[in-house]
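Copied over from TrEMBL, here are the features:
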ACT_SITE  LYS76  active site, charge relay system
ACT_SITE  SER151  active site, charge relay system
ACT_SITE  SER175  active site, acyl-ester intermediate
DOMAIN    22-463  domain 'Amidase'
Amino acid sequence: MHQLTLAEIARGLADKKFSSEELTKTLLARIAQLDPQLNSFITLTEDLALEQARAADARRANGETGALLGAPIAHKDLFCTLGVRTSCASKMLDNFKAPYDATVVAKLAAAGAVSLGKTNMDEFAMGSANESSYYGAVKNPWNLEHVPGGSSGGSAAAVAARLLPAATGTDTGGSIRQPAALTNLTGLKPTYGRVSRWGMIAYASSLDQAGPLARTAEDCAILLQGMAGFDPQDSTSIDEPVPDFSANLNGSLQGLRIGVPAEFFSEGLDPRIAELIHNSVKELEKLGAVIKPISLPNMQHAIPAYYVIAPAEASSNLSRFDGVRFGHRCENPKDLTDLYKRSRAEGFGPEVQRRILVGAYALSAGYYDAYYLQAQKIRRLIKNDFMTAFNEVDIILGPTTPNPAWKIGAKNSDPVSAYLEDVYTITANLAGLPGLSMPAGFVDGLPVGVQLLAPYFQEGRLLNVAHQYQLHTDWHTRSPAGF
Ligand code: GLN
């Protein structure tokens with residue numbers, strides 16, 4: 001039963017082959033048995049899950065239908081969940097129980113999805129390896145000595161190991177697409193504003209966006225359908241109609257113009273990954289797509305711009321964790337300043353502290369113009385590059401990451417080498433565009449992802465292309481040995 005996709009689960013539940021309660025019990029037992037190897041969950045909510053599963057079964061017995069009704073999922077532990085710990089994988093929030101559900105959580109619960117728990121992540125979503133969690137590193141089910149990617153690494157490892165069919169993630173600079181690539185999943189970052197950020201603990205507010213991680217594009221369509229839509233509680237949510245993603249998966253790719261940017265294949269890309277990406281291009285050509293070489297000339301500036309803007313916004317967002325109203329508070333503070341200082345020094349891990357320092361520096365008087373303002377200008381140039389490219393092509397294709405999953409600990413002494421792994425993903429966040437990563441093959445037994453980018457609000461196009469590709473390839477069906 002654990003091999004079933006969301007689409008297959010929906011059919012099985014509709015045909016009464018099994019109940020949501022049976023399925024939920026099977027997966028909870030599998031998590032209890034296998035997750036100690038992976039560390040993909042921070043909190044399991046078994047009782048709540050069984051309650052939701054029974055409620056979904058009752059709704060189906062009453063004639064209700066719906067692709068998510070009774071479907072098991074899990075949430076990255078930065079979505080606020082009423083009465084359930086929301087830790088952001090930080091000591092700072094180890095004791096925090098949110099007094100409300102995030103919009104994404106509430107919407108999926110209303111659609112009848114069954115939440116099994118909260119998944120591990122990089123602390124405050126800062127990272128590309130899921131090594132910075134207060135609750136310990138997450139392991140990649142394809143090789144337990146390697147990272148699963150981050151920051152949505154717990155969601156990715158759990159889905160890749162068939163502990164559940166799909167999970168939510170968030171992507172500020174690649175945190176859905178990159179772990180999807182490194183664990184052989186399909187992951188989608190929607191257009192900025194497509195999914196509500198209300199109740200999602202903020203890392204960098206102008207970049208953060210929630211989306212689905214699943215094994216197939218078909219399943220990403222189902223989960224995204226349950227997440228997307230205008231939310232008046234989020235002032236950056238966009239009031240744009242949400243199409244029926246599942247209904248649009250079968251469009252023909254005949255004549256689809258795919259842009260392949262030269263800058264995505266420059267130095268630093270593992271040549272074995274380059275070859276797999278070229279193979280996926282050939283596959284799409286067979287399906288009728290037309291390939292056009294394009295250029296994104298300002299891409300080289302993306303990492304420096306991102307690593308100014310994201311920490312700047314983070315330093316502001318994380319100022320609310322001061323030991324006063326919620327979260328960690330130090331013992332016996334001497335005075336208010338001591339309370340702030342020690343609560344924050346004890347509550348935040350080293351990577352979070354590094355980002356706060358970088359961000360506060362970049363925003364400080366005298367440096368604002370030199371760093372933050374420059375970075376914002378680069379952001380505009382990158383957006384313009386994409387707009388020019390999308391005048392000529394329908395989607396843009398390239399690798400998701402320059403390298404396969406690295407060994408746990410390999411980049412600990414050199415944070416910048418980890419930042420460089422984000423080179424292909426962060427441009428979509430800077431421009432606010434939707435992006436998808438899907439399985440494209442293996443290097444040394446480790447999965448490789450191919451990335452597709454589309455114009456604003458064209459998530460449906462990404463899912464359509466990915467689904468057609470997956471009908472003609474079988475990379476996404478491979479499962480890691482031992483899981
Ligand atoms: N790796 C990037 C960072 O550390 C992206 C993280 C994310 O998308 N949440 O900021």
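The count begins at 1 with the first shown residue.
Every residue, even glycine, has its Cβ placed from backbone N, Cα and C.
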Exercise for the section: Report the same-chain neighbours of SER175 (active site, acyl-ester intermediate): residues 6+ apart in sequence with Cβ closer than 8 Å to its Cβ, ordered by sequence. Expected result: ASP122, ALA125, SER128, GLY150, SER151, SER152, GLY169
Handout entry: Largest tally of Cβ atoms lying within 10 Å of a Cβ, found at which of the active-site residues LYS76, SER151
Key = SER151
Practice task
Let me know the DSSP-derived helix, strand or coil state of SER151 (active site, charge relay system), please.
Solution key: coil
Completion exercise
Averaging the pLDDT values of the domain 'Amidase' (22-463) gives 97
